[in-house]
Structures are given as C-alpha cells and as structure tokens.
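If you look up TrEMBL, you'll see Glu209 marked as active site, proton donor. The feature Zn(2+) binding site is assigned by TrEMBL to His21, His23, His206, Asp298. Sequence annotations record features per position, and here TrEMBL assigns substrate binding site to His23, Asp25, Gly179. Per TrEMBL, the feature site 'Important for catalytic activity' maps to His230.
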Amino acid sequence: MEPTRGLPDDLLRAAPKVLLHDHLDGGLRPATIVDLAAEIGHELPETDADALATWFAEAADSGSLERYLETFAHTVGVMQTASALTRVARECVEDLAADGVVYAEIRYAPELHVESGLELEEVVAAVQQGFAEGMAAAGDRIIVRHLLTAMRQAARAMEIAELAIAWRDRGVAGFDIAGPEAGYPPTRFIDAFEYLQRENSHFTIHAGEGFGLPSIWEAVQWCGADRLGHGVRIVDDIKVDDAGVAQLGRLASYVRDKRIPLEMCPSSNVQTGAAPSIAEHPLKLLASLRFRVTVNTDNRLMSRTSLSQEFGLLTEAFGYGWAEMEWLTVNAMKSAFIPYDERYRLITETIKPWYAAQVR
Ligand SMILES: O=c1[nH]cnc2c1ncn2[C@H]1C[C@H](O)[C@@H](CO)O1
Ligand SMILES: [Zn+2]
C-alpha cells in the first residue's frame, strides 16, 4: 500500500510513542459524550456523534485560546459523576494504547468535576479506577499517570497541589496550570509551586501559547516549571538572519541550556492561533536548534487527532523520518515525571529496540 505521508500510517500507529500533554476532558469519544449527555439531560449542540465531532473541531478552530476553551463546557458538563469519569478515563487509555502510546501523562482539573457533589478526592479516585481498568485491558502495554491541573481563572491551586501530593503514590505524577493565559500570569500561584518544590514534586505550566515571553519567563524563572506546556512563543526570543543563522536571546538560551522540555501540540497550536500553520510551526526551528522538543496532542477531540496523526503531519510537512521521530519520542520519555529508572527502562527496552528495527 502507498504511504499517504512520509511514513506509512500503520507503522506510525505501531511505533512506540510517549504523550506528555493530553487533556482528559479534551479527548472523549463523541459517541460517549452523546451517551453521557442523554443520561443526565445535558443539552448538546449536536446529538449525532459524527455531527458532534465536526462541531467540536469547527468550534475549536477559532484562532483564539479563549474561544477554543469554551467548547469544554460540553465535555466537562458530562463528566460530573464517578461512573462517567471512570468510563472516560478507561476509554482514553484504550484509545491511546490502540494508537501505540506506551506512556502517557493525562491531565484534567479536578475542581471542574464537582458540580454534582463529588469531592476532589472522589474525582481522582474515579479517574484512577478508569486508568487502571484501561491499562489492565491493554495487557499493560501502556502506562498512564495523572497530572492534576488547577485552572488559572480560579483560586484553588494550593488545594489541587496538595491533592497531587496526597495521590503521588497512587498514580498522580505531577501538577499543571491551564485555562486562559493572558491576564492570568503563573506567579499568581507561586505558593502552590513553592509547596510542590519543597515536596520534591514535579509540575508543568501552560505558557507561551495564548501569551508571549513574559509568561514563559515567569513560569521558568519565578515558578520553577520543570516543563512548559506548548512554549511555542519562545521563538519570539530567537532571531534568524538572512543567512539562516539563529541568534538566541537570554531566555531562549536558558530554556535550551537547561534542557527544559517543550510540550508542543501542533494541531492545537494552529487552532488557537499560537502557530500560523503546521508547515510554519516553530517546532521545526526549535528541533533543529536542539531544544528539548516533544510532540503532543493536547485535545484529541477538539483537534480530531491522535499522536500518530500529529507525527504524520510532521513527517509530511518537514520530511521527518524514523530518526527524528525516535529523537522526539526519547525526548518525551526523558522528560516524563516518573522515576529515572522507569524512564530508562522504557527507553532501552521498548522505544530504542523498535526504532532500531526500522529500515531508515
Ligand atoms: O491548550 C490549552 N491551553 C490552556 N488550557 C487548556 C488547553 N487545553 C485545555 N485546556 C483547559 C480546558 C480544560 O477544561 C482544562 C483541564 O483539562 O484545561
Ligand atoms: Zn493543554
């Protein structure tokens, strides 16, 4: 069969992949949303699963992060009971395993799932139940951990950070902040980040997506982020001259020198306007400059994507082959929030042998 892109789709799916940035409430199956909405009487913009899938993709294609985020009302709205959360979490793991993901950190904001009376603890327990069921059903071909997100426009970051620590040995690998970036700098939550650092924990911060360098600078230099969610706008601190030589500003140099991972999400970045197109995505420049770039899905529902599809788009746009895909995958595995020995084992026993076996 002719490959549709630079690398054949079936092999892109089979390749072991690592996913660090994927929202649980951005990855529901459309048919599941229809089922869950019917159970609780939640009104949807479309009641047919295919039409609903199209609605999400089109509504999220807004060019603005704020409008993109409005679509989550219809996913969060149906994720308010323990059984719904468990189902969504289990299906998430099944879908990722079917796409060849071998390790994933899935994030969600517990504070968004308490509208019908669940406690924060019960939200995490329900998601953990679904992850455990999904991993078992996949024959342990995939490892999934939670990242607990606090919403920037709310004021519960400290509580959520404490929840992440309480669950650190029961599936939670770290913490994140998400939501509208402009007007909500990460320093508003400095107490939560300092608490996590004192607890020897890990966190990532959405930064450099809906706002520029000041947001990245605060995330790195004030808050101590281990990784950057997106971080696309770090290119604003890089100048490429007519001869194609790149000059890095001090912040860009720092991010590269410290090997701070960038959780890049190509399709999502085009939808929110953080990147003009896949072909012009800063990922290519940043990867060529050897930043610690990783490839992610962000919201598979809103972007109608999968991790293999994101890699497919990059192979098509930039001519990437197995060597680049392996580099990006090992970058992601090195940047995960699980212990070093577990990361090392996945790299040496699962990832490297598979890529070594491909004809290049
Ligand atoms: O790309 C994003 N940037 C900022 N916030 C986001 C993004 N994708 C999802 N979110 C928000 C909406 C979800 O309800 C929340 C928790 O997953 O995180
Ligand atoms: Zn995100």
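Positions of Cβ are set from backbone N, Cα and C atoms, glycine also.
Features per TrEMBL, on structure.
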{"residue": "His21", "record": "Zn(2+) binding site", "DSSP class": "strand"}
{"residue": "Gly179", "record": "substrate binding site", "DSSP class": "coil"}
{"residue": "His206", "record": "Zn(2+) binding site", "DSSP class": "strand"}
{"residue": "His230", "record": "site 'Important for catalytic activity'", "DSSP class": "strand"}
{"residue": "Asp298", "record": "Zn(2+) binding site", "DSSP class": "strand"}
Practice problem: Anything within 10 Å of Asp298 (Zn(2+) binding site)? Look among the recorded positions Gly179, Glu209, His230, comparing CA atoms, and list what you find. | Solution: His230
Quiz item: In this structure, which of the recorded positions Asp25, Glu209, Asp298 has the fewest other Cβ atoms within 10 Å of its Cβ?
Solution: Asp25
Quiz item: For His206 (Zn(2+) binding site) and His230 (site 'Important for catalytic activity'), what Cα-Cα distance in Å is obtained after rounding to a whole number?
Solution: 6
Practice problem: Whole-number Å only: compute the distance from the Cα of His21 (Zn(2+) binding site) to the Cα of Gly179 (substrate binding site). | Solution: 14
Exercise. Among the binding-site residues His21, His23, Gly179, His206, Asp298, name every one whose Cβ is found under 6 angstroms from ligand 1, counting any of its atoms.
Key: His23, Gly179, His206, Asp298
Quiz item: If you draw a 10 Å sphere around the Cβ of His23 (Zn(2+) binding site), how many other Cβ atoms fall inside it, taking every protein chain shown into account?
Solution: 26
Quiz item: Of the recorded positions Asp25, Gly179, Glu209, His230, Asp298, which ones put their CB under 6 Å from ligand 2?
Solution: Asp298
Quiz item: When you average the Cβ positions of His23, Asp25, Gly179 for the substrate site, which other residues in that chain have a Cβ within 8 Å of that mean position?
Solution: Leu24, Gly26, Leu69, Phe72, Val76, Arg107, Tyr108, Ala109, Leu112, Thr149, Met151, Ala178, Asn299
Practice problem: Take the C-alpha atoms of Asp25 (substrate binding site) and His230 (site 'Important for catalytic activity') and report the distance between them in angstrom, rounded. | Solution: 18
Exercise. List the other residues in this chain whose Cβ sits within 8 Å of the Cβ centroid of the Zn(2+) site residues His21, His23, His206, Asp298, in sequence order.
Key: Asp22, Gly26, Arg107, Asp176, Ala178, Gly229, His230, Glu263, Cys265, Ser268, Asn296, Asn299
